[in-house]
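Engineer: Pulled from Swiss-Prot, these are the listed features:
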ACT_SITE  SER78  active site, schiff-base intermediate with substrate
ACT_SITE  HIS83  active site, proton acceptor
ACT_SITE  CYS98  active site, proton donor
MOD_RES   SER78  pyruvic acid (Ser)
Amino acid sequence: MSQQLSSQTPSNQDRIVGKHVFGNLYDIDDKLLMDKDLLEGLVLEAVKIAKMNLVEIKSWSFGGKKGGVSVIALVEESHIALHTWNEYKYATLDVYTCGVDSNPQAAFEFIVSNLKPKRHQMFFADRSSE
């Protein structure tokens with residue numbers, strides 16, 4: 001009697017698939033960076049584009065020398081966080097998902113295309129379980 005050996009590679013259902021796209025956006029129109037409603041709308045649309053499921057979205061405006069806006073979307077798959085500093089014309093963007101079918105890069109690229117920074121950096125991290 002012969003035995004067959006099967007591959008023990010875990011399927012996506014047997015592990016967490018963590019996809020993390022994050023980066024820095026430089027030299028953005030400071031009027032965009034202070035428009036809380038616009039920024040919240042961009043994050044909401046990015047949730048849809050990335051095929052994520054929104055749980056809640058919150059946003060805050062901060063004054064002072066390092067003032068700006070923070071928008072955080074809690075999604076079933078994880079989160080999108082956008083933080084701006086208008087005086088520096090700078091923003092950071094973090095899109096993390098554990099959803100197999102979600103696309104954090106699409107969300108990142110959508111927000112970047114709408115904020116139109118003169119320069120940006122995008123990084124990827126695989127945060128999947130083993």
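Including glycine, each Cβ sits where the backbone N, Cα and C put it.
Any idea what these are sitting next to in the structure?
Structural biologist: The 10 Å shell around the Cβ of SER78 (active site, schiff-base intermediate with substrate) contains 21 further Cβ atoms across the protein chains shown.
The 10 Å shell around the Cβ of HIS83 (active site, proton acceptor) contains 18 further Cβ atoms across the protein chains shown.
The secondary structure of CYS98 (active site, proton donor), as reduced to three states from DSSP, is coil rather than helix or strand. The number of other Cβ atoms within 10 Å of the Cβ belonging to CYS98 (active site, proton donor), over all protein chains shown, comes to 18.
Look at SER78 (active site, schiff-base intermediate with substrate): DSSP puts it in a strand.
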Engineer: State the Cα to Cα distance, in Å, between SER78 (active site, schiff-base intermediate with substrate) and CYS98 (active site, proton donor), rounded to an integer.
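Structural biologist: Just about 6 Å between their Cα atoms.
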